[in-house]
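Down below is the structure, laid out as structure tokens.
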Amino acid sequence: MVDLQEKQCTIVKRNGMFVPFDRNRIFQALEAAFRDTRRIDDHMPLPEDLENSIRSITHQVVKEVVQKITDGQVVTVERIQDMVESQLYINGLQDVARDYVVYRDDRKAHREKSWQSLSVIRRCGTTVHFNPMKISAALEKAFRATDRIEGMTPDFVREEVNALTQKIVAEIEERCSQQDSRIDIEQIQDIVEQQLMVVGHYATAKNYILYREARARVRDNRVEDQIVEEAPSEETFEVLSKDGSTYMITHSQLLARLARACSRFPETTDAALLTDMAFSNFYSGIKESEVVLACIMAARANIEKEPDYAFVAAELLLDVVYKEALDRSRGDEDLEQVYRDHFKRYIMEGDSYRLNPELKNLFDLDALANAMDLSRDLQFSYMGIQNLYDRYFNHDDGRRLETPQIFWMRVAMGLALKEQDKTYWAITFYNLLSTFRYTPATPTLFNSGMRHSQLSSCYLSTVQDDLVNIYKVISDNAMLSKWAGGIGNDWTAIRATGALIKGTNGKSQGVIPFIKVTNDTAVAVNQGGKRKGAVCVYLEVWHLDYEDFLELRKNTGDDRRRAHDVNTASWIPDLFFKRLQQKGSWTLFSPDDVPGLHDAYGEEFERLYEEYERKVDSGEIRLYKKVEAEDLWRKMLSMLFETGHPWMTFKDPSNIRSAQDHTGVVRCSNLCTEILLNCSETETAVCNLGSVNLVQHILDDGLDEEKLSETISIAVRMLDNVIDINFYPTKEAKEANFAHRAIGLGVMGFQDALYKLDISYASQEAVEFADYSSELISYYAIQASCLLAKERGTYSSYKGSKWDRGLLPIDTIQLLANYRGKDNLQMDTSVRKDWEPIRSLIREHGMRNCQLMAIAPTATISNIIGVTQSIEPTYKHLFVKSNLSGEFTIPNVYLIEKLKKLGIWDADMLDDLKYFDGSLLEIERVPDHIKHIFLTAFEIEPEWILECASRRQKWIDMGQSLNLYLAQPDGKKLSNMYLTAWKKGLKTTYYLRSSSATTVEKSFVDINKRGIQPRWMKNKSASAGIVVERASKTPVCSLEEGCEVCQ
């Protein structure tokens, strides 16, 4: 049934004439296309399903046409064919759509070769095909504007437009016949104006002139007004699409695209600048992907000048994601509906894309689709989207299947699989994740909702002094690494070089060759093809092979006794530091001669160690080595500075303060030194990580405690769910995780939070903020675990734990003080909150998780959500970060905001930052109070970083990935730094940072202004006499920019 509104519609033909709209023409065109593609003869009836499809598509196109005409838009034959094409794709009829496109292209080529084809000479000298429809459209617009017409165009106007168009086209044809079928665009515009005035439409002529001057374009119906004045510099390039077809792109078209990407930042970004930069890299036949890349690179190049360009680049990359996953662009009107429909189709077809098959049956997909907030896609900066695109989005044969919100929802669904009300909790989890309040660790993001849901971050295992077990652990490493886990191995039990092997009566080669095999296994097995596998090997400092162990990462020496790819860490008992203080000796043993020593700690370790030393003196133990503690310490520090390894971790505080001291011993930490759990031959310790984003919980006057409480409650629930959903590559890992249910809740964006509060990291205020924020996180994490225990029950090994004995993390400091003595422990023990309600909850309900808190490095997830890593100070205010997704310029957005307010952010300031390697201290025009707030990592005295870490450690039941910074070689300062870390009660340390592998590009620094003679200058110049004194070059740690496994 054709309604009255449809009968009143008219469209513009290719000759520029208005004609009545006829839906039958659409039906007939579709029928012809179906018959041609499906090889159905004209005399044969169409199958019922095909006829229904044609009617449905016709109805959708008619509905869209009528709506646009009702809205006052001009609809052309070409636009209707675009709609038909779009509907064929939406309805999954790609084969018909493809043939229809080919048919249209053939017809277009035929028209352009016809006698009616005329050429228009543009101002830039290029020619384009003359299109009468554009004259009709421009005339109608002018009449509508003059007569203030709303809704459909009246018949008398259409008749006048048709008559005028015929006269204009006739005159153009007449002139072209005298000018070799070509006419200048100025002549066309003159003819239009002349004809309007000849017939007496003076007001319309005036509006048309204004219309031309304003260079208006009819964007809504995708018609470029050929009569509108063209820019003299307009260039055109042919672009090659992925499917092999080509199209033309102009400077103004690219400007329109980039203007949309810049529209959120009109005051700080310049679309014209980006257009010029991108267009300068174009060439005829440029690939479509290269067009996008040129635009993104133009935006990237300006990030150092204006951080908002990071969001412009992100929006451009988002368009790539949308086209790849949804076959849509960001500006498409139907994007939102296609987005939601694609999500539901993606989940329903998930079996083909490695998704967990349960997802499609256990959730209300309509509710989940409607819960997605697409505007949250715009929260990401460029580096965040690039990381997601490269490594996190699920893909099929190189094509991304996910967008940011679909990615978050897939993760949320995977974490809600064991909930009773799955849809409710999936939406709750999604809202927390997609607003950047909390982010799970990378393995969870990789694998949640997938068929193999290995979601755990960290695995800790101990190697027995047995060949079968040695290779079993190496094999386990491969399996764990395959599914994106980071691994810590304890190798202390392996007998030392020269020890007797009773079975063969031979001598052992020691632990080093086995670590070499471990190294090569880590290299061979990458993490699901997404990032490098990674292992950290631990050795206690009394092991006879320890001195060789120190040199594993050296670049010189016998390469058969080097392990360049694994990380190494020293497991140091307190007794070693006591001997160091006493300037005493230290004895190295083979583990098979000192049974029980590795499992002992505190006073028991001291008793056993001294007993074994007496056996050395009596001759009972013959394989040993005595060294001066100071000499060994000096070698430890030397290797740490030269190679960045072995990291220093502390055995006694890790065990004495462990909540699980009743079930075993902590023998090592994990890959990133924040996890401290028992492991044994029968148990591989497992921990699941996630981090709270402090930035999202900052108010003007401090932390939003209510919001933080809610975030932590939901986050702990997610982390606990991981344990039950997880895919376990080994039996030992599964048994340990189910028995103890350890989770590691951490933080990120600590430095950003300080910036928002105008606090310097090197201040007592920062120390107090570290203390208070950690206390709140500890308080609400313990509370959440208690409430989960009430709902789900305690973990199975709860009985006898410190929790069960009424000891909270804050209480265990006294246990450590009792063993060490007050001179060797300098930890604050003050509290702000009333902890009695938490103690009461534990007594009543117990705990769901044996351990709760650990601060991971968050190297990758902090990049995704755009905050500073973990608890790290700002590295530099302008630097280049390298990871598997490439190199990214990282400016300090908080600093730039401050400098803008002071009116001193300009090209010279950027030049200064580059010249001074991202530091403010030597830039005279920066006020001192700004310099103090914005100290970089190497400018902050280590005491501040260590005191902040100590305040956190009093509340944390595990550890923290704590990097330390040393700007210049200074053995005494380095020694004091690590001795202070021990005395402050820290359990572990992480990297020692001495310098960076990547720096900011300085090729544009003004050497004349700096007064420096470049090396290539052969002749003596006025600047040749300048003496530039530079600090001696420090050794460069062969470190990566950040941990790429835990987070």
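These residue numbers are counts, starting from 1, taken along the chain as shown.
Every residue gets a Cβ built from N, Cα and C, even glycine.
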Co-listed substrate-binding residue [Swiss-Prot; alongside Thr442, Ser457, Cys458, Asn670, Leu671, Cys672, Thr673, Glu674, Pro857, Thr858, Ala859, Thr860, Ile861] among Gly486, Gly702, Gly821: Gly486
Rounded inter-Cα distance in Å - Cys672 (substrate binding site), Tyr991 (site 'Important for electron transfer'): 9
Reduced DSSP assignment, Cys687 (disulfide bond): strand
Cβ-based isolation winner (fewest other Cβ atoms within 10 Å) among the binding-site residues Thr442, Asn670, Thr858, Thr860: Thr860
Nearest of the binding-site residues (Cys458, Asn670, Thr860) to Tyr990 (site 'Important for electron transfer') - Cα to Cα: Asn670
Integer Cα-Cα distance in angstrom, Thr858 (substrate binding site) to Tyr991 (site 'Important for electron transfer'): 14
Cα distance (Å, whole number) from Arg495 (site 'Allosteric effector binding') to Asp465 (site 'Allosteric effector binding'): 7
Diameter of the substrate binding set by C-alpha atoms, the set being Thr442, Ser457, Cys458, Gly486, Asn670, Leu671, Cys672, Thr673, Glu674, Pro857, Thr858, Ala859, Thr860, Ile861, in angstrom: 18
Cys458 (substrate binding site) versus recorded positions Arg495, Cys687, Tyr991 - nearest by Cα: Cys687
